[in-house]
Protein chains: 2
Amino acid sequence: MSSPLDRAAAEALDAADPLAAFVDEFERPAGVIYLNGNSLGPAPKAALTRVAEAARQEWATDLITSWNKAGWFDLPYRLGDRLAGLIGAGPGEVVLTDGTGLNLYRVVSAALALRPDRRVIVMEGSNFPTNNYVVQGLVQSLGQGHQIRFAELDDLAAAIDDDVAAVVLTHAHYKSAHVLNMTGLTAKAHAHGALAIWDLCHSAGALEVDLNGCDADFAVGCTYKYLNGGPGSPAFLFVATRHQATATQPMTGWWGHDAPFAFERDYRPATGIGRMLTGTQPILSLVATEAGIDMIARAGTGAIRAKSLALGQLFQSLMGERLSDAGFILTSPAHPNDRGGHIAFDHASGYPIMKALIARGVIGDFRAPATLRFGFAPLHLRFVDVWDAVDRLAGIIHQGVWRDPAYAAVDAVT
Amino acid sequence: MSSPLDRAAAEALDAADPLAAFVDEFERPAGVIYLNGNSLGPAPKAALTRVAEAARQEWATDLITSWNKAGWFDLPYRLGDRLAGLIGAGPGEVVLTDGTGLNLYRVVSAALALRPDRRVIVMEGSNFPTNNYVVQGLVQSLGQGHQIRFAELDDLAAAIDDDVAAVVLTHAHYKSAHVLNMTGLTAKAHAHGALAIWDLCHSAGALEVDLNGCDADFAVGCTYKYLNGGPGSPAFLFVATRHQATATQPMTGWWGHDAPFAFERDYRPATGIGRMLTGTQPILSLVATEAGIDMIARAGTGAIRAKSLALGQLFQSLMGERLSDAGFILTSPAHPNDRGGHIAFDHASGYPIMKALIARGVIGDFRAPATLRFGFAPLHLRFVDVWDAVDRLAGIIHQGVWRDPAYAAVDAVT
């Protein structure tokens, strides 16, 4: 009987995988094992077709008539409704527009205006720092003395008190993949009269997310990671129905006007989530998102999460078997249920190791000072990919390949 | 000797046109005369090639490595520098990012912060109203008692006094095409200690614009009209070098951080115009802009303006000859030098007339309540196109085609 960790075992897992067929719906460059879907998802073949069609038919051929013929005006709503089902939101609660940071600016503005007597915003300072930057910029612009109260992990709940206007938290940590208790922290915020804003960049399309089930107030997230929407594809924004009549945002523009084609002089906010929109959207990037969202919907987030955990467990087991004394320190939560779609290890020579690994076709990424991230987005990954990835990594470590000075040179973007 | 207004005369103008060859660089759908480049520019063939390449090579094949390999991080700067030359700006003064409204929000925020003791913003209320909406939203968010002082045309200069923090004006009017005196109004603003912010949506790529020549402080504009960047392609933003060390904007994000890949907890603005950026850009829509910018640069805005005026004058002459008593009232400035790239006529039955015209392949657009707009973006238009357009319009009017009830039905987007 073969060892459970040899390549044949991985092949057997693929043979039994109910999601195996999705792999062929992606472009998969030859020789590459892509463990970075947590940063930029790979391209669904249907997305490439759709972008080409939008460029050639909607732009080049139908020109301005595409506003009606191709339904450009409805795109943020229509795609938002499709995405809503993946994150526990209802129809009319989600739009796709602009970037995650801009959307965070909108919903935090809205939340602070809904809690005018409170001045504290709770955030996890170690999480993706652009969220800190966005809130810092907003606070400075408002000039009303708001303060960010930073706390981490188990200290977050205790940081929420009656002074808090909003908690602004990222569901799955960009670096460690630690998943916060969305239900518990939202309830804690509500118990103190605060609003809960969730950043789903590292969980939408990777985990089961139930915004309405846990009574979240606002949420944002990107579509270019686990949703495979393409580089910099427009982000999403969720406003719970109960807030839509009263939530306001400062970047008021024509697409969020109650009568967007009446060209009235003064702003009147659209009814519903439309008021969160500002102006014309990047159509080619926006249409690219539909294929990925559709694929996640067909697969189901439950099945996706199950396979992601299985891929991650295989990776972790193989790392333990083949590289247990090579200096890799698991910095993701030890228990799979506590982490999102990727696994992080620290290594003192993480940077050259990752560069050497990428040069051998296994693409993960590196976050300073020492973290290697490996993403397990299951629709485009096979179990044998995981096996082969660890095999290549073991080769690099055991042969000392990463010590080549070429791998020490720092790239512009890491 | 033939009449100067017969089709042969138009053919002769094409034969002598130094920009004639550019027409073949565009996709031109069969049977369509496109007089709406002032709303959505047509597709440069090179832009379609570039989008396909970015989708297939940069996204699908090179994946995350494209941040370095394809220079994604530098795109807002690199494209901004290319665009700068078309609007009288220098290197490092322009970036491409997000939408026009969001960029306007940024630069008006910056201007108000630079004039903390002043509370008045001068705007032309009749111009594209999303600019009003953006400033109204900002003013409300700031809660510091700023007021918009609306004025029109010749009354604008008188509206600028020592209470004014900033004038926020659109260079060429979206409806009438009236061109404001950028030099004079900027000087008037400066004489009163105010800052001048220009919206170039209807002038970048259509007219000669000299931001530094007239000492403008800030500017914004879209790339999807005369710059032919594709539907909703990212907008641009100009900050004069002298303001770059002190100008701040509230939507602070990682792309505008001084050390964007260091993942520091707190925001520190980038030196230079980079601080105007927030987050990840829609790459497919962003790369689409390069071909159009390149084409305008090769043609030169002087030659473009000259041909645009000639096309417009031909149109106006033909309208006078063939449709002088059909109820069309010129609402653009009578003198060509006073108007931008399009010509507007009011007509009591403007809506069904434009629909009937579009059904016959001549695409202009309609702005309520009665305005027909015809755009003369010269790189993709021939003089015979103008002749044929008026010929088709005359046919529709003289045969009463537009009275067909089918043309009365209002589309979702007008």
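Backbone N, Cα and C define each Cβ position, glycine as well.
So that you can see what the record holds, here are the features copied from TrEMBL:
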- B:T100, B:T170, B:D199, B:H202, B:Y224, B:W254, B:T280: pyridoxal 5'-phosphate binding site (BINDING)
- B:K225: N6-(pyridoxal phosphate)lysine (MOD_RES)
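Positions of TrEMBL features highlighted on the structure.
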{"residue": "B:T100", "record": "pyridoxal 5'-phosphate binding site", "DSSP class": "helix"}
{"residue": "B:T170", "record": "pyridoxal 5'-phosphate binding site", "DSSP class": "strand"}
{"residue": "B:D199", "record": "pyridoxal 5'-phosphate binding site", "DSSP class": "strand"}
{"residue": "B:Y224", "record": "pyridoxal 5'-phosphate binding site", "DSSP class": "coil"}
{"residue": "B:W254", "record": "pyridoxal 5'-phosphate binding site", "DSSP class": "helix"}
{"residue": "B:T280", "record": "pyridoxal 5'-phosphate binding site", "DSSP class": "coil"}
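Between the CA atoms of B:D199 (pyridoxal 5'-phosphate binding site) and B:K225 (N6-(pyridoxal phosphate)lysine) there is a gap of 13 Å, rounded to the nearest whole number.
Among the recorded positions B:T170, B:D199, B:H202, B:K225, none has a Cβ under 8 Å from a Cβ of chain A. Under a cutoff of 8 A between CB atoms, and with a sequence separation of 6+ in the same chain, the neighbours of B:Y224 (pyridoxal 5'-phosphate binding site) are B:L40, B:G41, B:G230, B:P231, B:G232, B:S233. Remark: of the binding-site residues B:T100, B:T170, B:T280, the most isolated position is B:T280 (fewest other Cβ atoms within 10 Å of its Cβ).
Pairwise Cα distances among B:T100, B:T170, B:D199, B:H202, B:Y224, B:W254, B:T280, the recorded pyridoxal 5'-phosphate-binding residues, top out at 31 Å. When the alpha carbons of B:H202 (pyridoxal 5'-phosphate binding site) and B:K225 (N6-(pyridoxal phosphate)lysine) are compared, the span between them is 7 angstrom. Checking each of the binding-site residues B:T170, B:W254, B:T280 against B:K225 (N6-(pyridoxal phosphate)lysine) by C-alpha distance, the shortest gap belongs to B:T170.
Around the Cβ of B:W254 (pyridoxal 5'-phosphate binding site), the same chain contributes B:P260, B:G279, each under 8 angstroms and 6 or more positions distant in sequence.
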